[in-house]
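Trainee: I'd like to ask you about the structure that follows.
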Amino acid sequence: MQFTKMHGLGNNYVFFNLLESQMDNVDFEELSRQISNVNHGIGSDGIILIAPSDHANFKMRIFNADGSEGKTCGNGLRCVAKYVYDNMYADTTTFEIETLAGVVTVKVEENGTYEKSFVNVDMGEPGLLKGMVPMKGEPDSTTRNEPFRINGAEYDLTCVSMGNPHAIMFVDDVREVPLEKIGPVIEHSDLFPERVNFGIVDVINRQEINYRVWERGSGITMACGSGACAAVVAATLNNKIDKYKPITVHLPGGDLLVRWGEDNHVWKRGEAVYICHGELI
Ligand SMILES: N[C@@H](CCC[C@H](N)C(=O)O)C(=O)O
């Protein structure tokens with residue numbers, strides 16, 4: 001089995017190309033657990049399949065390091081876009097990729113190098129209702145810094161679906177928060193029936209924020225593209241940043257530029273980078 005390892009801001013996945021050959025009888029959940037393991041596998045935040053689609057130009061499936069399937073992956077989408085463009089499966093710079101969360105549009109910038117390109121992704125419209133996240137509570141209501149008691153402590157959360165679930169908490173300094181302790185508590189809280197990605201944000205100014213993430217199914221990662229979009233949406237809803245302006249999101253792995261536009265769509269621009277090509281034994 002040939003693979004390509006890529007990352008966006010250090011959020012790294014092992015990619016399998018199913019556009020020309022299939023992987024029959026493969027348990028992708030188990031494969032993701034094995035490959036993601038740094039001691040017995042390759043070491044990654046999960047695996048991503050690039051497959052044909054009936055509804056778009058390509059289809060992406062993403063499996064987290066624990067084997068669970070995610071509905072979308074902002075950093076993964078940029079990598080898939082670079083891969084299919086570089087390998088001439090796409091003959092235009094703008095095309096569509098199907099995910100379990102719907103079809104998104106991607107635009108590959110032409111001034112990239114072999115190693116790295118910049119890609120813009122229309123991540124679609126955020127889901128603000130509790131029923132859309134999904135989370136417990138009145139399905140048609142929203143959260144804005146709403147206090148929740150979880151495992152004996154109180155957390156003020158703004159919850160957003162970017163196709164996948166995100167809970168965002170504003171803090172004074174993201175570096176000071178023990179994310180490795182709080183992250184799993186929030187992820188597994190029974191408030192979230194499908195678990196949740198948990199992000200913490202501190203606001204630098206009205207066009208710049210810091211963001212760290214504990215990802216559902218993968219733990220702490222260096223970046224989460226869908227989470228950065230959720231962080232911008234949450235900061236806008238709480239009037240901490242300027243509406244409709246491009247916002248720079250600083251993540252441990254680098255920066256993303258995110259804009260929640262007048263049309264309610266969230267665009268995200270960032271790098272997509274090759275690490276290596278290889279063959280599974
Ligand atoms: N790293 C991703 C998100 C991957 C899926 C997520 N852990 C989930 O289960 O929803 C991104 O860049 O968006």
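Cβ from N, Cα, C; glycine included.
In case it's useful when we look at the structure, here is the feature table from TrEMBL:
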{"type": "ACT_SITE", "residues": "Cys73", "note": "active site"}
{"type": "ACT_SITE", "residues": "Cys73", "note": "active site, proton donor"}
{"type": "ACT_SITE", "residues": "Cys224", "note": "active site, proton acceptor"}
{"type": "BINDING", "residues": "Asn11, Asn64, Gly74, Asn75, Asn164, Asn197, Glu215, Arg216, Gly225, Ser226", "note": "substrate binding site"}
Trainee: Do you see any of the recorded positions Glu215, Cys224, Gly225 whose C-alpha is within 10 Å of the residue listed as 'active site', and which ones?
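Mentor: Within 10 Å Cα-Cα: Cys224, Gly225.
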Trainee: Around the substrate site recorded as Asn11, Asn64, Gly74, Asn75, Asn164, Asn197, Glu215, Arg216, Gly225, Ser226, what other same-chain residues have a C-beta within 8 angstroms of the site's C-beta center?
Mentor: Gly70, Thr72, Cys73, Gly76, Val213, Ser218, Thr221, Cys224, Gly227
Trainee: Given a 10 Å Cβ-Cβ cut-off, pick out the one of the binding-site residues Asn11, Asn164 that has the most other Cβ atoms nearby.
Mentor: Asn11
Trainee: Return only the integer: C-alpha distance in Å from Glu215 (substrate binding site) to Cys224 (active site, proton acceptor).
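Mentor: Here the two Cα atoms are 8 Å apart.
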Trainee: Provide the three-state secondary structure of Gly74 (substrate binding site) computed with DSSP.
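Mentor: It is helical.
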Trainee: Which of the three DSSP-derived classes (helix, strand, coil) applies to Glu215 (substrate binding site)?
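Mentor: Reduced to three states, the DSSP call for Glu215 (substrate binding site) is strand.
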Trainee: Give the maximum pairwise CA distance in Å, whole number, for the residues Asn11, Asn64, Gly74, Asn75, Asn164, Asn197, Glu215, Arg216, Gly225, Ser226 listed as binding substrate.
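Mentor: So the maximum pairwise Cα distance among the substrate binders is 16 Å.
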Trainee: Through the lens of DSSP with three states only, how would you label Asn11 (substrate binding site)?
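Mentor: Strand, per DSSP.
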Trainee: To see if you understand the setup: which same-chain residues, six or more apart in sequence, place their Cβ under 8 Å from that of the residue listed as 'active site, proton acceptor'?
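Mentor: Asn11, Gly74, Asn75, Asn197, Gly199, Val213, Glu215, Leu251 - these are the non-local Cβ neighbours of the residue listed as 'active site, proton acceptor', listed in sequence order.
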Trainee: Identify, in sequence order, the residues in the chain of Gly225 (substrate binding site) that are 6 or more apart from it along the sequence and have a CB within less than 8 Å of its CB; answer 'none' if there are none.
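Mentor: Long-range Cβ contacts: Gly8, Leu9, Asn11, Cys73, Gly74, Asn75, Gly76, Leu77, Arg78, Val121, Met123, Leu256, Lys268, Gly270.
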